[in-house]
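The ATP binding site feature in Swiss-Prot is assigned to LYS6, THR165, ASP166, THR207, GLY208, GLY209, MET210, TYR211, THR212, LYS213. Taken from Swiss-Prot, the feature substrate binding site covers SER46, ASP133, ASN145. The domain 'PUA' annotation in Swiss-Prot covers 272-350, and the record cites sequence analysis as its basis.
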Amino acid sequence: MRIVVKVGTSTLTYENGKLNLEIMEKLVRQIANLLNRGEEVVLVTSGAIGAGMGKLNLKEKPKTIPEKQSLAAIGQGLLIEIYEKFFNEYGKITAQVLLTKEDFSDRRRYLNVSYTLSNLLKWGVVPIINENDTVTVDEIKIGDNDTLAALLASLVEADILIILTDIDGLYDKDPRIYKEAKIIEVVEEFSDELFKIAGSAGTKRGTGGMYTKIQAAKICWNSGVKMIIANGKIDNVLNQIANGEKIGTTFLPMKKPISSRKVWIAFNAKVSGRLFIDEGAAKAIIKHGKSLLPSGVVKTEGDYDVGDCVAVVDHQEKEIARGLINYSSEEVEKIKGCKTHEIEKILGYKYYDEVIHRDNLVILERGEKFGS
């Protein structure tokens, strides 16, 4: 079984920002045990900024990007050094992998990351992964390690993603506010209500709250990966989950997941523009799985070229799909609203009948934006 484990800042650190070495040691011991029983494990770890805070004895997380990046530069080396020390005690080898959004949005780099991680796992190495917080800016930032873990789980075709946090799972209400809140044990479908329940609350030391974890679960759901949210401080939590015991909240994957290529289009590819389409075209795409023809395009935004990823927006201005475009933005501007047989007359040539072929088109349920 291939497992991706994500552990958050709130689990790895104390309230004062310093690393909880006891928790880290227990986590490493559990992962080492999983390796001993034949499982493959990728570890996505937060904590670099928290480790930097502890090193400098800072009590509050700075808000400016340069300060956060400086703390990450201090903390990342410390974090990996501690992990390596603990894993060495169990005879396990680790490899540090720092990623940015471009490693996912660029198809060639995306595949290269896949090959690298596959080799590491084949050799029995534990890849320890974090976003490269020291150099990333908003334009190339993934944003949170929940999303990073989900993208990686899809990339390595994991069987399960386990997100360890400081609460026991997804509740029907915020358990920090409502004592009567009940845990949701299993989620099979995604709805607006589920995202409302998740809210947007995080912790002082973490980046994302439950909302980012639901977004991560959505990526896993489409990718055919089971995801579990559990409390990282439960004794032997990873081994209990690997043994099939019910802990936390389990998000079951869709029965017919989309292809790995379409997962890349939906969640990883950089969006270079937007196509606004009419109601008829939206219905044809969503209800009947049709390709997008130029006749259904009302407006185009952005500067994109052939093969770029664009967002498809319906008449209610909701993003309903993403796809790889067959024509440039200049060409689409000329042929929008036209019939297929008119393309050659207008442009002087015709590449395809479709603006986006259905094989390169991914429907986004709930009309929600994923990535950017």
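Note: Cβ is positioned from N, Cα and C throughout, glycine not excepted.
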Taking all residues of the domain 'PUA' (272-350) together, what is their mean pLDDT?
95
How big is the gap, in Å, between the Cα of ASP166 (ATP binding site) and that of SER46 (substrate binding site), rounded to a whole number?
13
Within 10 A of the CB of ASP166 (ATP binding site), the number of other CB atoms across every chain shown is 15
Alpha-carbon spacing, MET210 (ATP binding site) to ASN145 (substrate binding site), which is rounded to whole Å
12
If you draw a 10 Å sphere on the Cβ of ASN145 (substrate binding site), how many other Cβ atoms land inside?
27
If you measure between the CA atoms of SER46 (substrate binding site) and THR212 (ATP binding site) and round to the nearest Å, you get 14
Could you measure between ASN145 (substrate binding site) and LYS6 (ATP binding site) for me? Cα positions, answer in whole angstrom.
7
DSSP three-state assignment (helix, strand or coil) for MET210 (ATP binding site)
helix
Tell me the Cβ neighbour count for THR212 (ATP binding site), meaning other Cβ atoms within 10 Å of its Cβ, over all protein chains shown.
22
Give me the DSSP three-state residue breakdown of the domain 'PUA' (272-350), ordered helix, strand, coil.
28 helix, 24 strand, 27 coil
Tell me which residues of the chain lie with their Cβ under 8 angstroms from that of LYS6 (ATP binding site), as long as they are six or more apart in sequence?
LEU43, VAL44, THR45, SER46, ASN145, ASP146, LEU148, ALA149, LEU161, ILE162, ILE163, LEU164
